[in-house]
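J.: Taken from Swiss-Prot, the feature N-linked glycosylation site covers 36, 51, 74, 152, 171, 260, 359, 493. According to Swiss-Prot, the signal peptide annotation covers 1-25.
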């Protein structure tokens, strides 16, 4: 859990106010009457496998390159142990999806332990939970097989198990082990699988699709890492958009994310070359995304491929009759998700372990089709997919992948939404504060991706600018229905995009919560169902605000995008006490990272006098007053 430091009485931040310059006081009066309804699912998550956020990130399988997947398989992350060598064997496939396995050639005079190691994704996090490993083996062998987790540089053993297993040269057989572990101090841990060299001497053994899991979130099979899932749960988001993003599109039609190759047993998933420079195992597949939504209480927002791949692949959008097989593929996917067991694809889902249909209400057609040559044909492509999906599933909310009018049909179909993305500078985000004030209320908005960009780690200036942007769309959350910061996760050792919301390494305790994370958490955890009118004697800037209510509770969100302290009076008739949460630093460049945590929120209890709260907001600050 993310713990805020609790302060009673006067906030520690207020003790510094005499040292900094104050602006004139700002008075805010929150109406307790009327207001506009606010979307109940406003804050949530956008996920795609970028920065090893899936494989090597939130997905719980810990071995890198577990099945030698890909058109050009390699031995990345694997090495031999003892008097033996390893090689790729394309003549002993495990399945049609896993055509290559690891061949272990044992020396004629071998003794002791021989086998193979895997270094994980820049390490393996051993957290002290029970671990389990599975693998396939082929070759004439009858004897002990040992799995160990051992320090890469220290040789310290953090857990092990030995089983007796018999295999033959005719077929692959699967073996699995479970074992307790002790917590490792860092991620410098190797997975080691060995056999008895004296028994295997002079022979060859093949190993296929090896896996390693620690404890998973809510003990879900093939599930999520609890360390990262817990941090997301703390945010209390409402939805999950998946599987992308650029990673949905692929670099070509053939390389797109294919739903039916991400289901079933892991060794029946071929994986794919992701669009962010590394291969995706697709162990985190369609089922796993829906279980993620179930376990964190999130509304699923499914992205489907719409005939357009990334421009970097030199692709021309697919249009006309050539779209038909791709539309059919989406309809098959939706039947798999929503169909009962009397349908072909619903029965397939049940055979894969999910008897009941999932609860899917939202589908986004494509990703960022305003970019890279997709705009001109998107109206045609969106309409083709919309018409087919709406005819089969009229209750689904269908979302266009852009809000740019030039890329959309002249008249959007009734009930459809649009998706608005904004990566910008801090001043650029602040400049968008009132963008949503005058929108056509007949077309709901999904802000599918936004953040400050062009910096390594979120800093206070950027995070405050994001808060200003968020206040702007929350004020208009009758029409802005959902919004998600992006990207969400970042393995510090292998990063393709910065900044990101949450960083981590493979050390069990290494999770780095950015200043932007705390802004997202503060805003998401303090939500009303009605946006209230606020009157003031001051204009917006550098102080920005929005107020909402839920029953007798009121939430006032504030952002100070400036270098002067702001003195405030906030009047909410009928309230008497409140909790003030403040994230602030006088240095606009202050940031949290893998080497420092400089900025965290503080909490204080504040009392009202006749319904009026009086306090000061430091420079470069984001605050939430929760009053009742």
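The backbone N, Cα and C atoms fix where each Cβ goes, glycine too.
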J.: Just give me the nearest neighbour of residue 152 (N-linked glycosylation site) among the glycosylation sites 36, 51, 171, 260, 359, Cα to Cα.
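T.: Its closest listed neighbour, by Cα, is 51.
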J.: Using DSSP with the three-state reduction, classify residue 260 (N-linked glycosylation site) as helix, strand or coil.
T.: helix
J.: Determine, from DSSP, whether residue 36 (N-linked glycosylation site) sits in helix, strand or coil.
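T.: Where residue 36 (N-linked glycosylation site) sits, the three-state DSSP reduction gives strand.
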J.: Out of 36, 260, 359, 493, point to the one nearest residue 51 (N-linked glycosylation site) in space (Cα versus Cα); all of them are glycosylation sites in the record.
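T.: Looking at Cα distances from residue 51 (N-linked glycosylation site), the smallest one goes to 493.
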J.: Under 8 Å Cβ to Cβ from residue 171 (N-linked glycosylation site), same chain, six or more residues apart: give me those in sequence order, or none if nothing qualifies.
T.: 138
J.: Of 36, 74, 260, 359, which is closest to residue 493 (N-linked glycosylation site) if I measure between C-alpha atoms? They're all glycosylation sites.
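T.: That would be 74, the closest of 36, 74, 260, 359 to residue 493 (N-linked glycosylation site).
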J.: Got a sec? Which of these glycosylation sites, 36, 51, 152, 359, has the most Cβ atoms within 10 Å?
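T.: That would be 51, with the highest Cβ count within 10 Å.
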J.: Quick one: of the glycosylation sites 74, 260, 359, which has its CA closest to the CA of residue 36 (N-linked glycosylation site)?
T.: 359
J.: What is the total of other Cβ atoms whose distance to the Cβ of residue 260 (N-linked glycosylation site) is within 10 Å?
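T.: Here the count is 15.
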J.: Please report how many Å separate the Cα atom of residue 359 (N-linked glycosylation site) from that of residue 260 (N-linked glycosylation site), as a whole number.
T.: 19
J.: Write out the long-range same-chain contacts of residue 74 (N-linked glycosylation site), meaning residues 6 or more apart in sequence whose Cβ is under 8 Å from its Cβ.
T.: 65, 68, 88
J.: When you measure from the Cβ of residue 493 (N-linked glycosylation site), how many other Cβ atoms are you left with inside 10 Å?
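T.: Step by step: centre on the Cβ of residue 493 (N-linked glycosylation site), count other Cβ atoms within 10 Å, giving 16.
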